[in-house]
Amino acid sequence: MTNTRKTHPLMKILNNSFIDLPAPSNISPWWNFGSPLGICLIIQILTGLFLAMHYTSDTMTAFSSVTHICRDVNYGWLIRYLHANGASMFFICLFLHVGRGIYYGSYMFLETWNIGVLLLFAVMATAFMGYVLPWGQMSFWGATVITNLLSAIPYIGSDLVQWIWGGFSVDKATLTRFFAFHFILPFIVAALAGVHLLFLHETGSNNPSGLSSDADKIPFHPYYTIKDILGVLLLILALTSLVLFSPDLLGDPDNYTPANPLNTPPHIKPEWYFLFAYAILRSIPNKLGGVLALVLSILVLAIIPLLHTSKQRSMMFRPFSQCLFWILVADLITLTWIGGQPVEHPFIIIGQLASILYFFLILVLMPITSLLENNLLKW
């Protein structure tokens, strides 16, 4: 008798993706971040759906509706904080997932990597629009500042900004369309994640050594299902701890003040996961230059495969490249810190140096070091 999971048209897809999938026997916990990302997306869609049942996307009532969710709706406070902190967890997993890809050379799977970069942009757009919805001070001014950056685009800039705003300032039309886009984008992200997996399963997973693992494969279930469950449980533990003990730790106190177009907050800053890009934006005194640097800070990921000069795929056996990778991580942490600081000495110069180092490491130092390592190994 044939097994249903191997013959049924729908079950067959799931079987080939999560049960009988041949996986390398030596993949480390750094390969675990795909499943927590999937769980994060499911948590965000479910909590978001319940929030949308009570939220109103009108400038007069948006702030009050969020207050109503927290005070009057059964476990509304829990749903709201799970959604807000779930986004932070999502980005932590995303950054670790991308970092793993860079360290172990997973970017050599071009389609998978490029869809991953597209996914990163989509998730960032979703998070930005979600931050605007509570209509607090930082929501309003964050939306104003970030959308205004598009005015730096020559010729069509100012028209484009007014088109996005739906008027001459961030107002009711902006809030309504941001809510609509914030609702639809996670489903687009889910579809892209499916395509991401599709292309990954065409090639099979990479592994820490960067060598072909065709000679030594094991089934995904039970080995990696149980391993992934551990990662997911740790994610849920971290998320629930954050939500139940310190839900406002990563938020901005300014967002507990209703939006007021007549009163600018002293320090306008985005959520913590955008601070590195915000620091790069602020480090360039020219508006258009800043916007280009901001976009390139993420888009540079797409050209990393073109800059791969090493004859080895992974950094596992390349100590100099490892050193540069960890300097890059430290640089990104520095940029995140600078993004949250006021624009004054010494933060300005630190931000500028960290921004230069970020691009210099990726575009110049890492490719040159890879060539040097090739020569050291007489390759």
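Including glycine, each Cβ sits where the backbone N, Cα and C put it.
These come from Swiss-Prot:
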{"type": "TRANSMEM", "residues": "33-53", "note": "transmembrane segment"}
{"type": "TRANSMEM", "residues": "77-98", "note": "transmembrane segment"}
{"type": "BINDING", "residues": "HIS83, HIS182", "note": "heme b b562 binding site"}
{"type": "BINDING", "residues": "HIS97, HIS196", "note": "heme b b566 binding site"}
{"type": "TRANSMEM", "residues": "113-133", "note": "transmembrane segment"}
{"type": "TRANSMEM", "residues": "178-198", "note": "transmembrane segment"}
{"type": "BINDING", "residues": "HIS201", "note": "ubiquinone binding site"}
{"type": "TRANSMEM", "residues": "226-246", "note": "transmembrane segment"}
{"type": "TRANSMEM", "residues": "288-308", "note": "transmembrane segment"}
{"type": "TRANSMEM", "residues": "320-340", "note": "transmembrane segment"}
{"type": "TRANSMEM", "residues": "347-367", "note": "transmembrane segment"}
Neighbouring C-beta atoms (10 Å sphere around the C-beta of HIS83 (heme b b562 binding site)): 21
Dominant neighbour of the transmembrane segment (178-198) in 33-53, 77-98, 113-133, 226-246, 320-340, by Cβ pairs under 8 Å: 113-133
Same-chain residue ranges lying at least 6 outside the transmembrane segment (33-53) that approach it to Cβ under 8 Å: 69, 79-80, 82-83, 86-87, 89-90, 93-94, 96-97, 100, 182-183, 186-187, 189-190, 193, 228, 231-232, 235-236, 239
Least surrounded among the binding-site residues, given as HIS97, HIS182, HIS196, HIS201, when other CB atoms within 10 Å are counted: HIS201
Result, the transmembrane segment (320-340) in contact with the transmembrane segment (77-98) (3+ CB pairs under 8 Å): no
Stretch of maximal Cβ-Cβ contact with the transmembrane segment (347-367) [cut-off: under 8 Å; candidates 113-133, 288-308, 320-340]: 320-340
Rounded distance in angstrom between the Cα atoms of HIS182 (heme b b562 binding site) and HIS201 (ubiquinone binding site): 29
Structural state of HIS201 (ubiquinone binding site), classified by DSSP into three states: helix
HIS83 (heme b b562 binding site) and HIS97 (heme b b566 binding site), Cα-Cα, nearest whole angstrom: 21
